[in-house]
């Protein structure tokens with residue numbers, strides 16, 4: 001099955017055909033670094049990390065570019081509030097970004113360009129637009145003239161008339177059209193600035209991504225991604241700038257956007273003040289669980305945030321980790337191979353079926369939610385095999401390797417515990433070892449009441465004991 005993805009530009013699923021066979025160029029709009037990123041931003045970051053990983057799994061050579069907006073009105077305002085240099089503040093939050101990104105198991109981008117390192121490229125594009133009559137300068141500001149580009153609005157599906165009717169923009173003497181947007185902003189006292197043909201100033205937000213993506217990926221690159229809130233105006237304006245500068249040449253071939261994360265059915269955003277940063281959530285849940293939660297719903301479907309859903313995600317991840325642990329225990333045991341060839345073949349077939357179903361789900365617009373089902377089915381097959389043949393390695397090695405590999409494609413290390421810290425998992429193992437030892441002593445003394453009490457209380461806590469000829473084993477429900 002060929003890989004198909006939903007292209008926002010065409011509003012339908014399309015077969016993915018890269019610009020260059022075997023290679024993929026991807027660009028996603030990274031954070032504006034004036035604070036820790038919130039879990040709504042985190043969804044976008046995790047989604048496109050997952051997409052990148054799956055493309056790598058399919059054998060593509062992926063160049064993944066994700067920028068940092070390190071100069072912006074919000075950064076300047078935050079710097080003024082804290083009495084700090086805005087560029088230093090942005091650099092500090094870039095460092096904090098990488099800490100939270102590591103917790104979510106985000107692969108570092110191939111290139112992480114910063115806006116302030118690419119001012120010359122932005123100026124070059126603005127000059128080109130001005131030469132073509134697509135931009136105009138007013139007292140040190142430069143604006144893009146949207147009515148000079150007939151295709152403006154093609155990504156969002158809006159006409160210029162509709163935009164003007166719904167615009168919350170006051171028509172001032174400076175703009176020729178209320179929808180015209182800033183390419184370059186004249187410097188205000190106390191703000192960072194760069195020299196330009198229009199005087200001292202700084203770039204507008206939209207020009208930054210156009211310049212950086214074109215520099216590192218060239219025109220017609222494969223995938224441009226971001227959150228659904230960026231379709232308009234940010235991505236619409238990126239297209240206008242880039243394709244205007246390129247004389248109509250295609251800027252990016254596939255546009256992908258994830259749906260909003262909501263709280264009580266209301267979009268999560270910093271502007272609304274109804275957000276949680278990933279840093280805050282990491283105080284209560286590990287990054288693996290947050291990631292598992294974010295990918296448990298198809299990326300184009302809205303996702304409502306609450307603790308209960310995170311707890312369910314933690315249990316789901318623990319189920320997969322338990323399957324790996326049981327497989328490792330069985331593979332590490334000494335004893336006779338008690339499984340027959342048929343049972344081993346059945347487990348190998350389950351592994352092959354899981355791989356097929358996983359690929360089918362992911363090839364259908366990266367349906368990670370459906371891909372989860374293939375992992376859980378394989379986990380169940382491993383558990384059943386280990387229970388029936390506790391000393392057998394027949395087919396188990398392949399099944400274990402397949403489960404681990406497919407989970408890794410989604411960015412999960414099933415050897416890493418889903419609880420708050422590695423030490424917590426080790427302590428659980430140690431406590432269970434002690435309890436099983438106490439229970440074994442009770443059974444040896446024929447103290448069945450104590451033995452059953454331990455078993456029943458553990459069951460109430462979601463821990464199931466199984467008595468086997470080789471001793472008691474425990475699993476998380």
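Cβ atoms are placed via backbone N, Cα and C, with glycine included.
According to its DSSP assignment, residue 29 (Zn(2+) binding site) is coil. Taken from Swiss-Prot, the feature Zn(2+) binding site covers 29, 209, 234, 238, and the record attributes it to sequence analysis.
Residues or ranges marked as ATP binding site by Swiss-Prot: 270.
Per Swiss-Prot, the feature motif ''HIGH' region' maps to 31-41. Beyond the ends of the motif ''HIGH' region' (31-41), by six or more residues, the same chain brings 68-70, 72, 74-75, 77-78, 89-91, 93-94, 96-97, 100, 205, 227, 260-261, 267-270, 275-281, 290, 294, 305 to within a C-beta distance below 8 angstroms of the stretch.
Marked as motif ''KMSKS' region' by Swiss-Prot: 267-271.
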List the other residues in this chain whose Cβ sits within 8 Å of the Cβ centroid of the Zn(2+) site residues 29, 209, 234, 238, in sequence order. 205, 206, 208, 210, 224, 226, 230, 235, 237
Hey, does DSSP put residue 209 (Zn(2+) binding site) in a helix, a strand, or just coil? helix
Helix, strand or coil at residue 238 (Zn(2+) binding site) [DSSP, three-state]: helix
For each of 29, 209, count the other CB atoms within 10 A of its CB; which of these binding-site residues has the top count? 209
